[in-house]
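Annotation comment: Swiss-Prot describes Cys77, Cys188 as active site, proton donor/acceptor. Annotation comment: Swiss-Prot describes Asp14, Ser15, Tyr46, Gly47, Asn78, Thr79, Thr189, His190 as substrate binding site.
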Amino acid sequence: MQDDLKNAPIGFFDSGLGGLSVLRKALEMMPNENYIYYGDSKHAPYGEKTPQEIRSLSFNAIEFLIKKGAKAIVIACNTATSAAAHDLREYYKDIPIIGIEPALKPAIKLHETGSVIVMATKATLTQEKFKNLMDKYGEHREVIPLPCPGLVEFIEAGDLEGEDVKNFLREKLNPYMDREISSIVLGCTHYPFVKDVIQDLVGEKVDIIDGSSGTIRELKRRLEENNMESESKKKGNLDIFNSLEDKKILELSKKLIEIK
């Protein structure tokens with residue numbers, strides 16, 4: 001039975017395609033594990049929904065992954081982590097559930113001066129979880145919350161470097177370009193897919209970071225702690241599902257997994 005558990009897949013879910021940026025890090029750090037990814041593109045973006053709606057959709061996603069045999073679950077969505085992680089852990093006490101949050105602490109530690117911009121959904125920036133992060137680390141540096149409604153939709157449509165998304169990001173970031181910006185935190189798992197565009201706009205001196213590595217390190221730690229890590233020496237399997245059940249969205253998912 002323990003061997004079955006070790007070989008069981010790790011479930012990832014997100015409001016759409018963004019969580020693939022976190023899954024990509026897992027494939028890099030733990031290639032021998034099996035994975036299931038569930039993207040809820042039918043209901044994307046979560047960032048414009050109420051906390052109650054986000055919780056309901058998150059419970060549906062976890063039920064899907066558990067029925068597929070997931071041994072652990074990664075909430076690869078900042079918005080869902082903020083709104084639902086506590087309730088999910090309370091309900092599913094027997095399964096490790098790992099969330100993701102804006103990487104504000106490492107962003108502040110990187111530099112002794114300069115402001116930090118946190119790009120995220122409105123829902124993430126207004127939740128208690130982010131307010132707690134601000135209380136903990138915001139006093140050490142100017143932290144600029146920057147809601148980006150509309151950016152998720154570009155990525156869901158596969159527009160990662162077109163003129164429209166470049167203009168959108170330029171309009172968002174231009175008001176801050178006369179300040180000393182030390183780093184930008186990508187507080188939505190969709191946003192790493194447009195990291196190169198952001199870097200071009202702000203310049204190479206600005207560090208751009210996200211929470212993927214920290215989340216996967218925590219996943220690894222929890223699996224080891226519970227003696228659940230795979231002992232296979234072979235590359236694991238990956239199954240991708242999406243609530244849209246659209247062939248194009250699955251093709252785009254596979255393409256995004258391969259982008260470095």
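Glycine too: its Cβ is placed from the backbone N, Cα and C atoms.
For Thr189 (substrate binding site), the count of additional Cβ atoms within 10 Å of its Cβ stands at 32 [all protein chains shown]. Taking the Cα atom of each, Ser15 (substrate binding site) and Cys77 (active site, proton donor/acceptor) are about 7 angstrom apart. DSSP classifies Gly47 (substrate binding site) as helix under the three-state reduction.
Taking the centre of the Cβ atoms of Asp14, Ser15, Tyr46, Gly47, Asn78, Thr79, Thr189, His190 as the substrate site, the nearby residues of that chain (Cβ within 8 Å, site residues left out) are Gly16, Gly18, Gly19, Ala44, Pro45, Cys77, Ala80, Thr121, Thr124, Val152, Cys188. Looking at the residues that bind substrate per the record, Asp14, Ser15, Tyr46, Gly47, Asn78, Thr79, Thr189, His190, the two CA atoms farthest apart are separated by 12 Å. In this structure, Asp14 (substrate binding site) is part of a beta strand by DSSP. Taking each of the active-site residues Cys77, Cys188 in turn and counting other Cβ atoms within 10 Å of its Cβ gives the largest count for Cys77.
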